[in-house]
Structures are given as structure tokens and as C-alpha cells.
Amino acid sequence: MRTTPTFPTKTFKPTAMALAVATTLSACLGGGGGGTSAPDFNAGGTGIGSNSRATTAKSAAVSYAGIKNEMCKDRSMLCAGRDDVAVTDRDAKINRPPPPNLHTGDFPNPNDAYKNLINLKPAIEAGYTGRGVEVGIVDTGESVGSISFPELYGRKEHGYNENYKNYTAYMRKEAPEDGGGKDIEASFDDEAVIETEAKPTDIRHVKEIGHIDLVSHIIGGRSVDGRPAGGIAPDATLHIMNTNDGTKNEMMVAAIRNAWVKLGERGVRIVNNSFGTTSRAGTADLFQIANSEEQYRQALLDYSGGDKTDEGIRLMQQSDYGNLSYHIRNKNMLFIFSTGNDAQAQPNTYALLPFYEKDAQKGIITVAGVDRSGEKFKREMYGEPGTEPLEYGSNHCGITAMWCLSAPYEASVRFTRTNPIQIAGTSFSAPIVTGTAALLLQKYPWMSNDNLRTTLLTTAQDIGAVGVDSKFGWGLLDAGKAMNGPASFPFGDFTADTKGTSDIAYSFRNDISGTGGLIKKGGSQLQLHGNNTYTGKTIIEGGSLVLYGNNKSDMRVETKGALIYNGAASGGSLNSDGIVYLADTDQSGANETVHIKGSLQLDGKGTLYTRLGKLLKVDGTAIIGGKLYMSARGKGAGYLNSTGRRVPFLSAAKIGQDYSFFTNIETDGGLLASLDSVEKTAGSEGDTLSYYVRRGNAARTASAAAHSAPAGLKHAVEQGGSNLENLMVELDASESSATPETVETAAADRTDMPGIRPYGATFRAAAAVQHANAADGVRIFNSLAATVYADSTAAHADMQGRRLKAVSDGLDHNGTGLRVIAQTQQDGGTWEQGGVEGKMRGSTQTVGIAAKTGENTTAAATLGMGRSTWSENSANAKTDSISLFAGIRHDAGDIGYLKGLFSYGRYKNSISRSTGADEHAEGSVNGTLMQLGALGGVNVPFAATGDLTVEGGLRYDLLKQDAFAEKGSALGWSGNSLTEGTLVGLAGLKLSQPLSDKAVLFATAGVERDLNGRDYTVTGGFTGATAATGKTGARNMPHTRLVAGLGADVEFGNGWNGLARYSYAGSKQYGNHSGRVGVGYRF
């Protein structure tokens, strides 16, 4: 037996002539018929428009002529195994306006128009290209030379020998970046592997483009050199089974059968079959086939025109169909067939297997062709001159309607050094579906053939009349919608075996209807985002199923399964021997209800995970058993006071067993929530289980947490806990603070609740801390101490001291005359204390003058502008300042000197930090810093030309800071004004050594000590409080700091001079490095 590819020509010749014929036939006729993306045969119709999705609306049942209800029995092709529904007649029509343009995507190139028709763009934009998916193509055509097409690099091609049994692989690798092209001459009998050596832009190839090349390009052709017309799945691996019998236009059945075997052996899951046996039954109405199997077999043979001998029956039904059935059942393969181009009411015979064998339906999809208005193509091709025109166009889905959909009949491909080739025929409708199936398998690699065909069929766009009918099948392929999973379960239960680990999640985002159910297997997670109305049961045997919306189905959770309700959701009855999880992953804070519209049974082996504020509402009876895990994490439970209250977590019309039947109860109170006991209450509306909860003492909790904190944070953690406890004592005393309503009503600033109105945001922020993870206690309490204010102020004061010292050093080396100098100074360092590190950075630019004001007196003054930054933990500070520095030195002959120093600066400290559990606060504070210093030095001769000076003295720092209030959080800090004075002792050595009459080197070493310490902590309270007070934390600035430096002065001549300095100040915990360069002019 021989078959032909489904080109729209009577006798296919895969040559340039055949292509030319295909491109010249542009007339299309036809009408009526339609498909649907849902399995309801009495659903209302939808139009076809821009980015529209099929929807169903109930309407009166439609009578379908020619179909008897009893024929539905055991006829999966008609009724999907159901005996209570009918199928539209193949000629059924519905009065409706003409369908609009089907373009739903927006690929701009006209050669990609067929991709817009199937809404491909969402799939491409999501990054799906078919990578990692193996696709088989059983086809024919002159294609040995075409393996040098760069668009098809990576394609694996297999020919066959004369016995149609042994295939030789021709494997093309990626095109190398260098090397020229070469023609490849090989026979299909060669036992060799061919590797091309060609660049995508330098290809010499055969003149003829075969049918096999065109089909391959539609599925997996790559876009080369910027050309837009690539295939549907350009990264898929293509296995080409060339079954050419030597005539270039026909295929041997034995070769086809063996091709399927070889693809199955290679693990190929998706197979494109753009061929078929030409129908000779004309418009024979196979809907009238009687129920008996023998009559069907005879009608099938009559329809196919096959050989009626025993050998013909063996080849047609035992060999071909038996081969298909085996691979569908045992190899999990999906076979996609074209309907053919005879403009007949029935498709080619290869796709009829499910009519004969019901279970085969899960592995076969038949594809009809549609034009851009959604109707079938009818093409006219004229034969020899003087003959009547012969009509050719897409065959209808016919009796394969339940496993049939439609795809564009026309497409465009482009090979290197060719213009775009316009092609037409169901040969190219089928690979459009095949390519989409490859994208789908890339996204859901666990999908079975049944999963794939269910998803592709049920997401099709509804075109034409309503219902799965004999023209369009399920409707027009919608690739974008298919990538969101199935839209219906019409073929029985949908088994999702999501193989993998629990950290991998897959999502179905369509609303799912149908009479089937869902069986969840495998370790990975499956998420349902739609509002689902399917009526079959949902059984979770393994992994987790997450519901983001409503689910009408009754649920059963097995021991290795988990059901997660994310957010407010509802569903049917629930029976669980596994895990039922109600805690939110996003901790949104809403008082959400999971509504079970039926009964609840928690068996002894299962576990209920829930949290305070989440209510499990059961309309029927609740039978309680197993383990309860109650968490106080999240915000839903609201603020808890020290007295406590009941928080319900389960309500039912009746709780059939006492709550004590929870065999084990575990609780997670979070940071400050204490869960005391479970209580059962009965009311007019049913029974309720509640937990009695109260808050813990923040100061004691923080003190305990400080034991495990780094030494540098202990004080801040304890201070933050004390601040929070003071605040919660105030909240406890406010009106109605213990009720859940407090959070919502106070947030709305209701005038009828004046006692709590000022605390709306404060209750929410405090509640978030109460219910936070206990492991985050150190971080949270530290943030409530706001240490960044004191620490950044201390860092700024130290840097201003470094800048004043620079003025002091300049007095020692000014020389004679008036000197003007400009300098830039860069500071940086770290402050590590008890395992906690802070970082500082600073930059200052100064201009100033220095001059001899008398025979033994030198004076200097500079103006500086600077910016410094400080970062610690999750807080950052930026300090901008402007300061005046001045100094005077008086020499007492060669013995020594006296110095007076002064600085005054204003600063603005801008703070950004996290506070509490998950809030953010920002603030700014203004202040001034004045410094006064008095120093004396004694000169000691050193070597022949050098000088050594011993210097000592005192400096007084006076810091004044304004009051401030942070914004953005009720747990931000509202600080009082601050005044702090610090006396600093100074001592050091200075060494100067001239190198010449124009260059001098300097070295310094010394010590600074705060004689009375410095305390920049800020008293105040949280911005969300009205009475509670506290103070910020602070690092302990080292009282004693070592200082050292190196430098040089150079005279350039003509009055110009320059300087360079490096200095260090620090201790074991603290270090500040400073570099300074300047240039001056001496008058």
C-alpha cells in the first residue's frame, strides 16, 4: 500500500514546480461548522477576535440530525466515552455574524501571519523554543542535499533500505563559524554519519526543496541571518524518517510502520505525519455506520479504498493500526495527522484508529486547515488544458472530530538564498500543531500523550458554529492559551504525574471545566490559578497541589500528597490522609477563609497546617483527627495584648468528634505570640474551634535573644526589646485593642473609636513583630533600637576631627608669605564591634589661606564641604556638611610653640533603614559640631637637618542635634534634641626631614583619648506612640585611638607648591584611613 503527502495537489511532486502551484492557488470557499475550547456540546458560541479566549455560556440544547443517542455508547470519537451528550452534525450551522479577523498576535512580519493566527507570541515571549524536546517527522521528499540548509542544522535524518527495515542516521551538527560550504552526496544505504562544514551565510545546496524540508522548517526551522520566518519550535531536535519509495511522491506503508518503530526506540514522544491514504468514498457519511464491529471494518475498508483481500486487511488494520496502538499505549507517543486536501467531509484514514479502538484517542490528533477567516480552504487547481477544474482543499475533521482541531492551511518559510515561499495544505497545518506540542512538552516535560492532546484540544479557539463538530473539531489552535495548561477535562480523569522534586512548580492558569477529574502524582508541585468547575474528583497521590482560586471538585489527599490553599479559596468536600496546608506563603495579613462546600474528614495519618487568622469553614460535618500544626506567623491574627483572646480557626455545621481527637498538636507562636489552649464552642450556626492567644513580654524575649546575638549587638537588641515593650503597654491600655477589628477600624481612622484611632498603623506594625519568625528576633529587636543615628553621628564627628588635624599640620609647614591652597581629602574605614561591622566613607573639598601674621606667628583658615556615608546591618546614613576650620601657631624661639584650633560645622544626616518585621523608615536630622583645641609642642634636634617635635594638648567637641521624626513606619523613631560635649586628650610625635631645599618628608605618631566618653544615643519614642518612651542604641566608640601619618611638601617653583598626606586613626575595633592631596600658591 502506498500513501501520499498531503500537499494540495493531485499527484505530489516535491519540486519547485509543485511549490509554484501551491503559491498560485489563492481562492478559498466554504462556510459553516465550528469548534469549541470546552467539551460542552450545548455551550453558547463565541467570536474570534484580537486576543480573545473561548468562553462558554449555557443555552438551550441543540438537536443534531442524523445522530442517535444509543450510538454514543462505546463510541469515543462521538462522545468521549459519555452516553449523555450529543455531537453536532457535520453540517450543523448557527446564525451569527461573519467571524472577525483571526490575528491575535502581533508578529510584524507578514511571513509570520500564520503564527499570529494561532496566538503564538505569548509562548515565544515566555521563552519557549522546544529546547530539549525530540520530535519525529515521518515524511518523504528529495532531501539528502538539503541537510546543508542552515535553517535545519541539528536535524537528524534517517533513510531506509530496500527492505524498509534498517535506517541509517544522517546527523547534522551546528554550523561552524568558519569553513566554506560543500555539497553532500550520499545514498540512504550508506552506513555513515554526515557532518556538514558550512556557514549559515555561505551554503551551496540542491535546487529542489522537498516536502520533508518544508514540514521540518515549519516545526523547527531556525531564523537565520535575521530572517523572521523561523519555525514554531526552532530549538527542538528533529528526527526525520524519510520513507520515499523512489518515486519522490509516495511512501511505503512498511517504511512508515518501521519509522514509527524506530522513533519509539529513540524515545521520541511527538510524531508529525503529514500524509494519508487518499479517500475514494467521496462524501460517504460514516456517521451512519452501524454499531457492529464487522460492519465498521467493512465500511472502513470501503472508505479507504484499500485492498479487501486478507493481506490488505492485515496491512491496514493489524500492521498500521496495530503499530499505532502499541506506540500510543506503551511508548506514550502522540501522533499528529493531517486530514488531507481532497475537500472531503472525512479525513484520511490513518487518523481513524480511535473510532475502532477507544483508548487510542489519547495519542492521536487530526489537523484540518483553515484560512484567515476561520473557514475551510477550498482550492482549485486546473489540470491539463481543456479539462474540468479539480477542487482541492482541506478535508473536514469528520468522524475524528473529538480528536481533531484546526490550524492555518497557509504558511511561509524561507531558506538561505531564497525568497519567502508561500505554501498551502494540511501537510503544513499538522506541523504547526506538532511544533506547538513541542513547546508544550518543553514547559511541562512530564505530560503524557493524553495530557498533551487534552491541553491542545481544549484550549482551541471557538470558531464557526458551537460545539465539537465534524468540520473544525475543537476549533482553531491557540498556542498562547495552551501554554497555560488544559481548559477542560472532557476525556475522563487528567493524570498529572509531575515528576521531579518538591522545589519545582508547574502552573495551570486556565479555568478548567469538564466532567473529568484530576489525579496529581509525582514529587513536583502543581498550581491551579483558575476558577475551576470540573466535576470529577481531585486526588492528590504525591507532591503538592496549590489552589489559588476556587475549585468545585471534591478533594482527596493521600498519605504522600499535600493540598495547599493559597489565599481565600473554596472547594467541594475534602477527605485527607496527607497534608492540608492553609497558611499563606505571602503573609498578606488578610483574614482569609477557605470554604469547603461539603464535609471535611481529617484522618488519623494526616496533618492540618494552619495559622491564626485563617478560618477553615465547613458547610457540613467536620470529622477531626490526625495532627494539628498551628502557627501564629503572619498578620492575620491581628494585634495580641497581654490579656489574650480567642481566635477561631475551624467552623462547621457540626464537629463530629471532639477536637481532642487531634492526636498531636504543635504550635509556632512566632516572636511574641503565646498559644495557650484549644477551645470548642457551640453556637446557633454550628461548632467552632478556637485558640486562646496572648502576647509575650518583648523586653524579656529580647533579653533572651541577646544571649545568642553577636557581642556587638547585645546592647542594641535589649534596648529594642525595651522600646517595644513600652509601646505595647501603651497599646494594651487603648480602647478595644484586644479585638481583631481594631486593626481594620483603626486603620480607617473611624471617628466613633477615638481611643484607638491614632494607633491604626501602630497596631499593624506591632502585630507584624508579634507574629514574625522567632529566628528573626535579633534582627528585629536591633532594628527597633535605631542605632544608626548614634553610630553615623559618631563617625561624622571623628571625620571632622581628622579635617581639623589637617589644618593643625598645615600650620607647622607654611613657610613665609601668604599661601592659598586647595585640597581634597578622602576618608574610609570600618568599625567592627563584637562580630558586627559598620562601614564609613567620606569626601571633603577645602579651600583656604595661611600666612605669617607676625615674626613668630602663623594663622590659617579653610572652608570645607563634605559628604560621608555610614552603613550597618540594614541601615544606611548619608551626611552632608559644611564647616569652617581655623588655627594659629606662635613660636617661642627654637624651644617650641603653642597652637589654638577651632572648627564649626553644620550637618544634615539622612537615614534609610528597615524597622520591625517588614517595614521601612526614613528620616533626616540636622545638627552642629563645634571643636576647640589647644596644643603645645617642644622641638628636639634630630640628626643634622631633621626636627623631632613632641606635641600635646586638649580638644573639646560640642555636638548639638535637633529633634526629628522618621516617616514610613509606625515603628520609626521620633527623637528628642541632643546636646553632648566630649573632652579629648591629644599627644604625639612629629618628625620632619628635608630631602632638598624644595622637598620635605613628614611622619607622625600619637594617641587620642576621650576623657569623658561620648554618648550620641537619642531619647524619644516610636512615631506611632503617644506616650511610650525609650532611646536608641549605640556602638561604643573606642575611648583610645592611635593616630599615625606620612606626608611630603614640594616646591614647584614660581610660587607653586603641593602636598600629599596619608593618615590613620583607629583601635582594635575601629579604623579610619585618610588620604589628602593639595596644591598651593605662595605670594
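Cβ coordinates are placed from backbone N, Cα and C, and glycine is handled just like the others.
Taking Swiss-Prot as the reference, the stretch among 444-453, 564-573, 664-673, 1074-1083 described by the feature transmembrane segment is residues 1074-1083. Segment annotation: Swiss-Prot labels transmembrane segment over residues 819-828 (candidates 289-298, 719-728, 819-828). Among the ranges 73-81, 469-477, 757-765, 883-891, the stretch that Swiss-Prot annotates as transmembrane segment is 883-891. When Cβ-Cβ distances below 8 Å are used as the criterion, the transmembrane segment (931-941) is approached by residues 800-801, 804, 808, 894-904, 947-958, 986, 990 of the same chain, each at least six residues removed from its ends.
Calculated from their C-alpha atoms, the gap between H211 (active site, charge relay system) and S427 (active site, charge relay system) amounts to 9 Å. The CA atom of D139 (active site, charge relay system) is located 10 Å away from the CA atom of S427 (active site, charge relay system). D139 (active site, charge relay system) falls within a strand when secondary structure is assigned with DSSP.
For S427 (active site, charge relay system), other Cβ atoms within 10 Å of its Cβ number 32. Under the criterion of 3 or more C-beta pairs below 8 Å, with sequence separation of 6 or more, the transmembrane segment (819-828) and the transmembrane segment (948-958) do not qualify as touching, having fewer than 3 such pairs. Along the domain 'Autotransporter' (809-1083), the predicted structure has mean pLDDT 92.
Counting Cβ pairs under 8 Å that are 6 or more residues apart, the transmembrane segment (1057-1066) and the transmembrane segment (1074-1083) reach 3 or more and are in contact.
Tertiary neighbourhood of the transmembrane segment (858-866): same-chain residues 799, 803, 807, 810-811, 814, 821, 823, 825, 842-852, 880-889, 905, selected by CB-CB distance under 8 Å and a gap of 6+ residues from either end.
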